[in-house]
Amino acid sequence: MGTPSVPLLLTLLCFTHSLWVSNGDDAFPTQKSQHNPHHGTANHNYRDALSKSILYFEGQRSGRIPSNQRLSWRKDSGLSDGSTMHVDLVGGYYDAGDNVKFGFPMAFTTTMLSWSVIEFGGLMKGELQNAREAIRWATDYLLKATSHPNTVYVQVGDANKDHECWERPEDMDTPRTVYKIDPSTPGSDVAAETAAALAAASLVFRKSDPSYSKLLLNRAVSVFGFADKYRGAYSNGLNNFVCPFYCSYSGYQDELLWGAAWLHKATKNPTYLDYIQVNGQTLGAGEMDSTFGWDNKHVGARILLSKAFLVQDVKSLHDYKDHADNYICSLIPGAPFSQTQYTPGGLLYKMSDSNMQYVTSTSFLLLTYAKYLTFSSKVVTCGGTTVSPRTLRNIAKKQVDYLLGDNPLGMSYMVGYGERYPERIHHRGSSLPSVTRHPSKIQCSSGFSAMNSASPNPNVLVGAVVGGPDANDRFPDRRSDYEQSEPATYINAPLVGALAYLAHSFGQL
């Protein structure tokens with residue numbers, strides 16, 4: 001595995017921040033450049049990619065499909081979800097290429113979509129309403145999943161049985177078993193992530209729908225209280241059902257810190273600041289991990305809490321600037337403490353399974369932290385190396401550009417974007433003929449002929465970002481290769497914010 005030289009990653013097209021606008025009550029004062037905001041030439045149509053990255057979520061919808069659905073090959077599914085437990089759990093999102101509703105990654109997806117809008121929604125223009133609708137599809141479901149006190153319904157569908165079939169969500173006849181956490185089977189991780197999602201989304205809707213925003217925030221408060229009071233990892237009590245799919249490998253401490261950070265931001269209640277100050281270290285605030293995704297939230301919490309220090313001047317959180325800087329330094333090739341690997345073509349590489357989720361989450365954090373640093377006129381110091389906000393933005397742009405096609409294969413890893421993109425993605429609904437074209441049911445095992453076929457998927461899941469290339473920039477575009485060819489909601493969610501920033505920076509929005 002090669003590590004590119006510092007110039008390859010850092011001597012990139014330079015562009016300025018120009019105009020920072022956010023979409024919430026914490027909006028920064030506007031900072032306008034005296035000059036044209038999009039210096040240089042854009043490598044890509046970031047606006048088109050932004051539009052498609054949001055459109056993708058319509059293809060993941062469960063429940064009753066609305067009349068304004070743009071991906072028309074998807075139809076109603078899961079209309080009796082929750083009935084076995086006498087609760088309405090219709091709606092929400094399928095996480096990836098199967099037909100299970102996993103609450104843990106769905107909540108994280110919601111948090112990251114919301115954070116994308118909070119930081120960069122003011123730049124999205126016509127796409128802002130589409131982004132809000134994508135968030136609301138999730139939060140409407142999360143409200144249902146938290147409708148009973150001290151209970152969160154965390155999964156619908158028997159994943160093992162689901163994976164024995166290759167069938168359209170409209171046809172699925174595998175058990176729609178419901179799994180929940182409660183005081184006797186706690187799950188602080190999934191509960192605190194759900195609280196974070198509801199709190200973050202409350203900021204998205206604070207101005208556009210105040211009553212809905214208040215409902216989300218009140219529910220976030222109660223769900224976080226449940227998460228904190230009844231502590232434990234959900235994959236302990238539900239191991240046979242949520243593992244190995246979405247085990248809580250990092251424990252629940254990171255979600256408690258992350259959830260408290262979002263509640264502090266959304267409520268401004270000093271109780272949460274006190275909670276963070278008292279519990280931060282025991283919840284892992286200073287740990288040196290450098291992976292941010294659906295399982296581990298430590299890095300995200302550090303970046304979010306650094307905003308309170310850098311922007312809102314909450315001096316008691318100054319340590320989080322240092323914690324955030326340590327994470328940034330781990331990404332900089334050649335800097336002291338650098339621990340991040342890159343492919344020979346320059347892609348951040350964390351692991352073989354769905355690596356692109358870390359590319360998108362890292363790019364979002366880099367752009368977001370650059371925003372905070374710019375506002376406060378601060379930099380990052382990595383040993384004797386000074387790292388400017390511009391450097392962070394350049395690294396993020398390099399990663400997004402790779403994803404969109406600037407890579408050794410000339411392959412866009414976003415379906416439907418560019419001239420060449422994955423055509424055989426690991427996704428049941430996309431790979432089987434639509435209900436419109438094939439009205440009769442496709443049985444459980446019958447669909448495997450499509451899964452094993454070398455033919456392109458008949459339904460284009462526009463905007464889906466797949467797991468991506470291997471450590472040597474290779475990508476076989478093989479449907480059975482779920483590690484590289486499966487898209488997921490949590491890959492796209494942070495990319496939405498990054499693309500909004502880039503589209504604005506180059507004058508495309």
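Backbone N, Cα and C atoms are what each Cβ position is placed from, and that goes for glycine too.
Positions annotated as signal peptide by TrEMBL: 1-24.
The domain 'Glycoside hydrolase family 9' annotation in TrEMBL covers 46-499. Here the domain 'Glycoside hydrolase family 9' (46-499) has a mean pLDDT of 96 out of 100.
All protein chains shown were included, and the count of other CB atoms within 10 Å of the CB of HIS426 (active site) stands at 24. The active site annotation in TrEMBL covers HIS426 (among others).
Long-range C-beta contacts of ASP477 (active site), restricted to its own chain and to partners at least six residues apart, with a cutoff below 8 Å, comprise PRO422, GLU423, ARG424, SER485. Residues annotated as active site in TrEMBL: ASP477 (among others).
The Cβ of GLU486 (active site) has 21 neighbouring Cβ atoms from other residues within 10 Å, across all protein chains displayed. Annotation comment: TrEMBL describes GLU486 (among others) as active site.
Taking only the Cα positions, the spacing between HIS426 (active site) and GLU486 (active site) is 5 angstrom.
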